[in-house]
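Trainee: Let me begin by handing over the structure; questions about it come next.
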Amino acid sequence: MMNSFVKWALILFVLVSIILNIVLIGIHTSRAPKCSTQRVHPLKRKHDERSLVFADLSRQEYLQVQQFMLKQKDLDISTNQITKPWGNFLFLIDLSLPKKADVLAYLDGKSAKPDREATVVVFHGAKGYVKEYVVGPLPDPTYHRDVTIERYNMELPITARTVTIGEYDLLFKYVGEVFSKLGKLMKESFDVDQNKKVNAFEQMPRGIRSGDRNTWISYFRDMSGMYIHPVGFELLINHESVNASEWKVERLLYNGQYFDTVDELKEKYETGSIKKIVYKETPDYGSLKPRHKPLQIGPQLFNAEGKRYSISNNHVLYLDWSFAFGLSSVTGLRVFDVRFKSDRIIYELSVQEAMSVYGSVTPGMILTKFLDASIGIGRFAHELVRGVDCPHEATYVDTYRYIDVSVPVRYMNSICVFEHNMGQPLRRHFADFFSNSYGGMVNSALVFRTITAIGNYDYMWDFIFYQSGSVEAKVHATGYISSSYLVDGSLKYGHQVAENVLGNIHTHFINFKVDLDVLGVNNFFQTKDMEYVNVSLPWMPDHYAMVPQLVEKQLKTEQEAALRYDTKTPRYLHIASNKTNRWGHHRSYRLQVFSFTGDHLPESQAEERAMSWARYKVAITKHKDLEQFSSSLYNQNNIWNPAVDFSKYIEDNENIEDEDLIAWVTTGFLHIPHSEDIPNTVTVGNGGGVLLRPHNYFDEDPSIHSADSVYIDPGSEDSCENNRMACLAQETCSPVLEPLTYNGFDGVMKFEDRV
């Protein structure tokens, strides 16, 4: 009986389980993602291979240029992977952009494609100078031409070169010899021995006058986020000579005390005549490892009906937009030939420079002024992390670069492109007076992004294309702050953020080049603002009121249009065309700058000329092919006699009426580090940018023609006719979505009910 009971109980259990599973499968099926065929979004135009005129060099082109230059016997370039300072080293190969007039003629079908050329930088250590060459035509180069004087109006001394991997290798070996003489101090103060080390971080510029190559090197614990673990030890090394045997230590700083020689420090340490640093373990407060196990994933981007943009080679199509793109090893992200509804709006929008000036009482930071283009901004665009740096469903693009290497290097997924819901409507209105209706449009925009990790700081560069015809260029900073060891007087230069650690006050200045072509290249610069005027009331002439009035001005020369940060800037800045819209107003694009910069370095300082672009919130110059960049690869290491002094672009004070105009825009923020910068700085609030907005360019807002527009009136709440969102849950391949409901009209008091 017992066996029979168990038998039937098991059979019943199995039947119930089967029925329950069928029910659950049915429920799950009804709630599972609906994956009917995704609609293919039709492109409004075709990809244009003429965009390749702006394309970065391919791997094959890099190799062709490299091999061509190595064969030039007069240049005597070394083939070693790690070249020493006294050798002749092929440091950089990058695209050389053709002249703008030639490119425009080609893009507009009026002439043949310009020759494709490369810029090559060679450090001639054996001869004591740096040279830039143009090599072409690609793909099979036949010539190299020295363009150094043409581009910079000066020779470039070898001391202006970027520190190479080969020079760093020699520096680290040299420092190792210094450390070996201070074995007892290094062990007792910093726990350094054959198995443990400290990490180096350099001060720049390298000295106080042209020709100097004297670098203060600060040392940090070999821990996560080393930049916030200073140990209190710094060395001043003279490595001006290309012969490493002539290098020497000129000064040392230990626990706030200066010493002239290694032997002096060693003797005073061992006799106990100085205040010693005693090593002790510190927590790994710089680690970015999660401190709690994540329980669930956050919101994700989902392309409900497929991607609405397309990428072919270096050309992007998105709704009414199209543009070409590139990534310079020196300056970073850039786009060209930006068109909206087939009209060219922008010829070039590019990053130019990122600069920081630091304050400190210790030498490793007291002189520091970082000019990142001299290291290479685009050089440090590494692979982006899917789902963190960019949405999981973004499109990722590989890039190749040749800078301080022996072969071109591929950087996978170093650019991402995605359409993004910006989190607020682009426009909307709810009508609740005489009639009820709702009209709105989601703010979906295309984001073009890369992130560069230059030493301690990570910069996120975004170019954003809106359906209203606007383009935004912006940057956000994250990464680690630079810090110094806390000594007497330190708190004048920042806040303490950890034990014996000062977060040093510093500025962030970012420069963008904006080459707007508003209905052609013949434009002018216009400003608009307001002022209050005392107006007699027409119906009561003896009564007056202060009324805001429009004030318009046209600035006619480069010096007039160089708008300094230390003066009041008009609120509306326009690159305008002489052509008018339907209402008779000049069609223009407005430059709207978002910036929280600190004060610029005083012009009395010798180093200021290397960063003179930062004087200006916006500076307008006449286009010249030889005024292509606001900074240079050489400004950092010859900061006192810079290869590019931007202020000279303005000194000639050329006419800017009815000319091809360039806007140089400076943005950024002042950073006073605080405890919340530990472990590292968040992007929130740390950035700036410029928004390029149509202003009387169109006769109406162009986004009104977007298929993303939504319109609801009473009775049509669930209709798809003017609201694709209403049918999203029923028609698309998507996660489980609740049916759209809208009850906004319920209980709304009509205007006639209120009177």
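Using N, Cα and C of the backbone, Cβ positions are placed for all residues, glycine too.
Residues annotated as active site, proton acceptor in TrEMBL: ASP372. Annotation comment: TrEMBL describes TYR457 as active site, schiff-base intermediate with substrate. According to TrEMBL, the feature domain 'Copper amine oxidase N2-terminal' maps to 66-143. The domain 'Copper amine oxidase N3-terminal' feature in TrEMBL is assigned to 161-256. Annotated domain 'Copper amine oxidase catalytic' per TrEMBL: 300-704, in sequence order. Annotation source TrEMBL lists 2',4',5'-topaquinone at TYR457.
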Trainee: Return only the integer: C-alpha distance in Å from TYR457 (active site, schiff-base intermediate with substrate) to the residue listed as 'active site, proton acceptor'.
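Mentor: Rounded to a whole number, the Cα-Cα distance is 10 Å.
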Trainee: What is the number of other Cβ atoms found within 10 Å of the Cβ of the residue listed as 'active site, schiff-base intermediate with substrate'?
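Mentor: A 10 Å sphere around the Cβ of the residue listed as 'active site, schiff-base intermediate with substrate' contains 25 other Cβ atoms.
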Trainee: Output, ordered by sequence, the same-chain residues six or more apart from the residue listed as 'active site, proton acceptor' with a CB under 8 Å from its CB, or 'none'.
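Mentor: Residues satisfying the criterion: GLU353, ALA354, MET355, ILE454.
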Trainee: Summarise the model confidence on the domain 'Copper amine oxidase N2-terminal' (66-143) as a single mean pLDDT, whole number.
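Mentor: Computed over the domain 'Copper amine oxidase N2-terminal' (66-143), the mean pLDDT is 94 on the 0 to 100 scale.
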